[in-house]
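Annotation comment: TrEMBL describes 524-734 as domain 'Metallo-beta-lactamase'. Per TrEMBL, transmembrane segment is recorded for 12-30, 36-52, 59-79, 232-254, 266-290, 366-392, 398-423, 463-481, 490-508.
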């Protein structure tokens with residue numbers, strides 16, 4: 001590869017000093033934090049600096065020196081960090097209120113004290129105000145790593161928010177007060193809430209306030225989840241879309257007053273710089289406001305600003321304030337989507353150059369409002385895909401539909417709301433709010449229809465970082481594919497590496513067959529994920545909800561996506577008790593499921609929640625099948641050309657001809673395959689165990705999932721002796737009111753020298769079976 005080709009390849013950066021500086025900064029900061037990647041990044045950085053012309057090189061070096069000095073100063077200041085744990089401090093403390101954010105129930109208060117920054121919730125008034133110095137009493141929530149892979153990671157979230165801990169504000173007293181700008185911004189958000197609530201219902205008013213002020217506390221959870229599943233949740237977060245719309249309207253109104261254009265631009269810049277913190281001050285908002293300011297400053301000096309260079313300026317400024325933002329997923333998504341749209345937005349291959357069509361007004365409208373929207377959505381999705389796969393392990397295939405159908409409606413509704421705000425005459429404001437309300441209702445209806453498809457959100461990944469880096473490099477190189485041999489080599493090499501990687505991933509399971517069982521920590525309930533040697537995934541029970549939080553959304557679906565599982569062969573509900581099926585309805589709606597397996601007697605269970613599960617499955621066309629003793633799920637595979645292995649998941653209970661007590665009729669299964677065996681018993685009681693013992697079914701298993709969470713009504717000595725497991729697993733919640741596993745059961749296990757793994761102590765339990773036997777791991 002000739003160096004001249006490398007210089008030509010870097011020309012888009014060479015012509016944009018700010019973007020070049022940001023590119024070099026990312027390589028430098030990533031190498032400093034993860035030295036292993038510095039092996040690849042540092043040579044690229046040095047070659048890029050050498051290839052840049054003088055001014056971009058000097059600009060990049062200046063920025064790199066700044067970051068090096070900043071990192072050195074930070075390391076020196078924090079050379080001896082405080083080891084004080086905020087959760088060990090007294091519950092009574094002194095602090096300063098930085099901000100108060102409205103929530104669905106009460107407020108969230110950000111407090112800075114000597115121990116750090118904390119987020120405390122309070123449901124009932126009185127509430128503190130920004131600028132208050134207070135003496136407060138708090139109840140701290142534990143900060144623990146997730147016990148289910150893919151679940152909410154509170155330590156990581158706290159680091160990303162710059163917080164030391166979170167909890168509940170029990171009481172406080174104000175010692176003094178001083179003015180802070182946040183008090184003004186908070187007052188602005190409350191003004192908007194009171195203003196629009198006079199003209200619109202709560203849900204539509206909440207949506208409008210979320211669009212204008214970044215406060216989503218009043219938007220119904222169902223609507224937010226719908227936007228998320230439809231792949232257009234970015235519409236609800238104030239970002240470039242909103243800033244561009246608002247800034248253009250402000251400029252238009254200022255110019256309409258006939259004041260000089262230069263003064264109008266200066267006023268617009270100042271207004272947007274004030275608007276950014278008032279709207280919540282997210283990274284996406286500041287990025288868009290900085291870009292707008294750079295462009296307007298360029299026009300003040302009669303110089304047309306380059307959009308990509310303006311993006312570079314905005315990103316360098318954000319990183320200069322806090323270099324850690326490059327690891328913030330919101331920053332990554334905002335920057336990558338904006339860069340992709342600017343670089344490729346006008347290279348739409350869907351636009352035809354036919355002179356006949358170019359004269360047709362209908363075709364022009366179709367190009368502008370449909371084809372352009374499709375292309376922009378594809379570009380934004382492609383450039384954000386590596387970050388979405390890394391952070392969320394999911395993509396939304398039908399986001400194009402949402403961007404075409406919903407985003408324009410939300411945009412018009414937001415404009416109507418702005419006009420209602422800027423023209424506060426009651427009759428006029430009411431008219432504009434009526435229009436906004438109609439558009440928002442139509443948007444909500446379309447979102448509900450789009451998000452109802454199970455493929456609205458699909459699993460993608462997880463993929464190693466190096467694979468995603470190659471994917472990103474290919475995307476960045478596509479624009480130069482025709483004109484640059486260096487770009488062509490990079491793309492072809494990347495595709496070759498992709499092919500080798502995915503070929504390896506495809507044939508590895510066949511060369512080294514294995515199966516696994518994961519007993520997830522879902523509290524006082526059951527949820528077990530069984531993965532067969534061929535890759536089929538079975539979910540045995542669907543957990544229990546905690547308060548308003550649905551276990552499927554919080555734990556089960558994130559775990560499935562974390563493991564790269566994109567479809568369930570079936571959901572098996574051992575019996576119709578809430579602690580075993582609470583997440584089933586949401587799973588059926590939001591995750592591809594082929595079958596629902598139940599016991600025959602459960603069809604007659606008179607429980608509204610259970611009836612809803614069955615109705616949901618029927619509505620979605622999911623096959624509902626009864627399981628009974630003797631049924632087998634079987635797979636065959638080869639561990640070598642001559643050796644054939646069988647994997648069986650055999651139903652050993654219940655009896656198909658008898659309906660008894662619900663727990664006693666729990667579906668029980670014995671799974672056997674390469675490496676060992678495992679017995680799953682649901683909430684099976686001693687009566688059910690006795691029924692099984694009266695048959696000639698072989699029960700000896702390496703691992704036993706205890707019946708009924710370790711209740712004393714299960715796990716009889718006779719049954720434990722028949723199974724004779726090496727390990728027993730109990731699935732129960734921390735400090736549960738039933739005190740499971742019961743002391744009697746623990747004593748029985750101890751007497752038989754059977755070790756017990758308890759999800760309330762060890763977190764999720766993972767058992768992997770392969771040619772070397774079985775291996776057990778826990779999340780804690």
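Each residue, glycine too, has its Cβ placed from N, Cα and C.
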Tertiary contacts of the transmembrane segment (463-481) (same chain, 6+ residues out, Cβ under 8 Å): 8-9, 12, 37, 340, 343-344, 347, 382-383, 385-386, 389-390, 487-488, 490-491, 494-495, 497-498, 501
PLDDT averaged over every residue in the domain 'Metallo-beta-lactamase' (524-734): 91
Distant-in-sequence neighbours of the transmembrane segment (12-30), which means Cβ under 8 A and at least six residues beyond its ends: 37-38, 41-42, 44-45, 48-49, 51-53, 55-56, 59-60, 62-64, 67-68, 306, 308-313, 315-316, 319, 323, 326, 343, 479-480
